[in-house]
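Participant: As annotated in TrEMBL:
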type     : residues                      : note
BINDING  : 9, 10, 11, 171, 211, 232, 233 : substrate binding site
ACT_SITE : 93                            : active site, electrophile
ACT_SITE : 165                           : active site, proton acceptor
Ligand code: 13P
């Protein structure tokens, strides 16, 4: 049985103080079973304090750079994240791809470097509304997945968490139906099977993200190939975040 993994992506919201208060309050009310991983992806400035405050939640960064060190003004390396015990790192979020022009090749470098360092990548993929309406979702996502896993061993591939986030469902309130989400996540599992084998494809965790809320999360998580959710807006308030974990 695969675990469930529910991660809140805070994007560029909240202060350090708010992050620590949030974690303290959530953890005082949280009863997690051993089959569920829950956590938050916070901005870089909050990672250290969030990591120290969190006992039950895992803490994720929202990005990283793949070089160990060097003249890369404004970037944060994986050893830096490791030194403060960050657990997960989101890579290839559509906002990074679209606004900051990250390429599939950069995301592949990040994926490889994270796995080599023992951190867990949460690798995002997903299509635009235009691609969705053109019926090219699978083709698009396949290209992103194949490129992201280039040069990654079977053993390492199993450790990656894939997050399927259709761009048209992010922050729009327009959630993909559980059937649409299941269909794409099942296709992603077969793409992984084609690259590796059945063993890897059955082990790998696949999340859905895009307008997930406390009132629609159970229908989504009930789908066979969906192992969790990556949640933006609904992860920012304590009650709503706890509602996602019920
Ligand atoms: P929303 O849940 O706000 O739609 O955001 C989804 C997302 O981008 C998570 O990474």
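The backbone N, Cα and C atoms fix where each Cβ goes, and this holds for glycine too.
Computed from a predicted structure; not experimentally measured.
Please go over these features one by one and say how buried each is and what sits next to it.
Facilitator: For residue 10 (substrate binding site), the number of other Cβ atoms no farther than 10 Å from its own Cβ, over all displayed protein chains, is 23.
Taking the Cβ of residue 93 (active site, electrophile) as centre and 10 Å as the limit, one finds 28 other Cβ atoms among all the protein chains shown.
Note: residue 165 (active site, proton acceptor) has non-local neighbours 93, 94, 124, 125, 126, 208, 209, 210, 230, i.e. same-chain residues 6+ apart with C-beta under 8 A of its own C-beta. Taken residue by residue with DSSP, residue 165 (active site, proton acceptor) is part of neither helix nor strand, so it is coil.
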Participant: When the Cβ positions of the binding-site residues 10, 11, 171 are compared with the atoms of ligand 1, which fall under 6 Å?
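Facilitator: Correct list: 171.
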Participant: According to DSSP, does residue 211 (substrate binding site) fall in a helix, a strand, or coil?
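Facilitator: For residue 211 (substrate binding site) - judged by DSSP and reduced to three states - the answer is coil.
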Participant: Identify, among the binding-site residues 171, 232, 233, the residue whose Cβ has the fewest other Cβ atoms within 10 Å in this structure.
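Facilitator: Across 171, 232, 233, these binding-site residues, the one with fewest Cβ atoms within 10 Å is 171.
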Participant: Can you name every residue in this chain, apart from 9, 10, 11, 171, 211, 232, 233, with its Cβ inside 8 Å of the center of the Cβ atoms of the recorded substrate site?
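Facilitator: Once 9, 10, 11, 171, 211, 232, 233 are set aside, the remaining close residues are 8, 170, 231, 234, 235, 236.
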Participant: Which of 9, 211 has the fewest nearby Cβ atoms, counting only those within 10 Å, among these binding-site residues?
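Facilitator: Relative to the other binding-site residues in 9, 211, 211 has the fewest Cβ atoms within 10 Å.
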